[in-house]
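Below you'll find the structure, written out as structure tokens, and then a few comments.
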Ligand SMILES: *Cc1c(COP(=O)(O)O)cnc(C)c1O
């Protein structure tokens with residue numbers, strides 16, 4: 001425990017920086033002298049305009065995006081992107097390449113197929129229970145785009161670098177690692193990320209889209225399901241999720257001003273992940289489930305010798321102030337999600353707890 005707050009290892013919604021929560025608390029009843037709460041002001045007000053524009057500007061600064069990229073905020077979570085992407089970019093007779101690296105990629109493929117689109121699985125790690133990231137992926141040059149999940153939240157694997165697409169626009173589901181490290185955005189035609197893992201609360205998905213992609217979108221789609229609607233109206237065609245966007249703005253400000261940008265964030269994230277992976281590598285008691293060269297810096301997945309010990313581990317951890325260590329219900333085991341807001345103190349406390357649990361039970 002850390003005061004009255006647990007060490008939060010939830011997978012999403014997940015930990016947010018304490019400084020951000022305190023700032024929200026301070027301005028909750030009277031936002032910026034408006035005499036109204038942030039959840040009471042109009043999305044057509046100058047106050048909200050400044051918030052959304054600042055969130056966009058900070059996203060562009062942090063990711064070094066030039067003017068050919070637009071930053072949008074869309075409701076419906078990352079899961080709605082699974083259908084919007086094929087609706088907007090795949091016409092009859094066209095195909096797209098998807099890399100299947102786990103539960104979320106599988107869902108993305110399924111949603112495109114529900115729409116009757118032709119999907120080619122360019123590579124998959126299903127043969128070893130999604131425990132690794134496929135290497136040397138060859139994309140079909142006739143595909144319209146290539147889709148990857150940069151970090152596999154449930155299986156605990158992550159692309160260390162992004163595959164060469166030879167000019168195909170890459171589309172990335174970065175829900176669980178956006179803003180965790182710098183990367184080269186130039187290959188990407190579209191990036192999307194449900195906010196509730198690394199950049200804010202639930203209720204909004206950040207979408208970064210390149211101009212040439214916007215030009216391919218047919219007119220005859222429902223307004224709420226086409227990216228052009230959001231791009232033309234600065235994400236305010238209808239009422240946006242104001243509170244979620246406000247929180248994102250504060251998290252991005254924290255990333256820039258308190259952490260010092262994505263290079264610094266990356267160094268911290270690597271150090272934290274190494275602390276936990278070193279704990280497995282020096283023990284026969286804990287077994288990592290991801291192959292070492294594919295390990296995620298965000299979601300550390302592991303097993304204990306049997307399920308009974310896993311249950312006790314999670315229980316005793318909870319009694320000692322560690323929250324969220326149960327693996328996803330579809331895979332079992334344990335998972336520590338160590339997103340940007342997780343502190344080194346929390347990670348070190350967990351590594352110590354793991355050691356003492358092993359001493360008692362190993
Ligand atoms: C959580 C998650 C999703 C689903 O996000 P929702 O916002 O709940 O729809 C999709 N992809 C990845 C990689 C995720 O981690």
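Yeah, the Cβs are placed from backbone N, Cα and C, and that goes for glycine too.
According to TrEMBL, the residue from 47, 104 that belongs to the pyridoxal 5'-phosphate site alongside 78, 79, 153, 173, 196, 238, 239 is 104. Take the CB of residue 104 (pyridoxal 5'-phosphate binding site) and look out to 10 A: across all protein chains shown you find 22 other CB atoms. A separation of roughly 23 Å, to the nearest angstrom, links the Cα atoms of residue 239 (pyridoxal 5'-phosphate binding site) and residue 197 (N6-(pyridoxal phosphate)lysine). Taking the binding-site residues 79, 239 in turn, the residue surrounded by the fewest other Cβ atoms inside 10 Å of its Cβ turns out to be 239. Fewest other C-beta atoms within 10 Å: among the binding-site residues 153, 196, 238, that description fits 238.
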